[in-house]
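Per Swiss-Prot, signal peptide is recorded for 1-28, and the stated evidence type is sequence analysis. What Swiss-Prot records for Cys37-Cys52, Cys86-Cys186 is disulfide bond, and it gives similarity to another entry as the kind of evidence. Residues or ranges marked as N-linked glycosylation site in Swiss-Prot: Asn38, Asn66, Asn79, Asn139. Marked as region 'Disordered' by Swiss-Prot: 194-227. For 207-225, the entry in Swiss-Prot reads compositional bias 'Low complexity'. The GPI-anchor amidated serine annotation in Swiss-Prot covers Ser225.
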Amino acid sequence: MAKAAVTKRHHFMIQKLLILLSYGYTNGLDDAHSLRCNLTIKAPTPADEVKCFVGEILILHLSNINKTMTSGDPGETANATEVGECLTQPLKDLCQKLRDKVSNTKVDTHKTNGYPHLQVTMIYPQSQGQTPSATWEFNISDSYFFTFYTEIMSWRSANDESGVIMNKWKDDGEFVKQLKFLIHGCSQKMDEFLKQSKEKPRSTSRSPSITQLTSTSPLPPTSHSTSKKGFISVGLIFISLLFAFAFAM
């Protein structure tokens, strides 16, 4: 019994490391000059919340919890407000779609402690004249994880259980289309704002937002450094996996 419990803990640890590995490279691409939107859906209550940031700048906050809606930072350029206003209705529509999907998704209630809650992160880097694309990360009750890359129309799950849910969601053509084209209508405004945020000197007196989980340093001028950062993250996680397997032996 004791050996089985230890083995179970090792499998759980390895699974978590694999989840980190799954998202390591994507997180390496998220920086101070990408648009990041965090969506929180708490089924079955009507509680939805959306926060969109560019680095430390909050450009949009939607909440039906306390009925608040803010768009843009008064201390920043008018472009931030324009981006927030452009994204407002598409994100509201997406929240409703996500609410319907998570409410109709069968999950292990022992893992979710009842009704599942959904956290979604959308990361949009400047398109630089190319077709606008984004990365969508889905987290259901910290138990089911999968990612959708609109640029290559590719889905990736963290484990088999997550894959079952992911496959059902990706078979919804209207939902996939909604994810892919949500940012297209606002891409010109977003690119202009991201370009300005790169050119604007960063304040040294401002405390970073708690939602900014990655480095707040400016985006390097080439993609090589970004790729290097992603691969370093993957390498560190791979080393952790080796230790996990060694302890499991």
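Using N, Cα and C of the backbone, Cβ positions are placed for all residues, glycine too.
Cys37 (disulfide bond) sits 14 Å from Cys186 (disulfide bond), taking the C-alpha atoms as the reference points. Cα-Cα distance from Asn139 (N-linked glycosylation site) to Cys52 (disulfide bond): 17 Å (rounded to the nearest whole number).
Within 10 Å (C-alpha to C-alpha) of Asn38 (N-linked glycosylation site) lie the following recorded positions from Cys52, Asn79, Cys86, Cys186: Cys52.
Fewest other C-beta atoms within 10 Å: among the glycosylation sites Asn38, Asn79, Asn139, that description fits Asn38. The Cβ of Cys52 (disulfide bond) has 25 other Cβ atoms within 10 Å, all protein chains considered.
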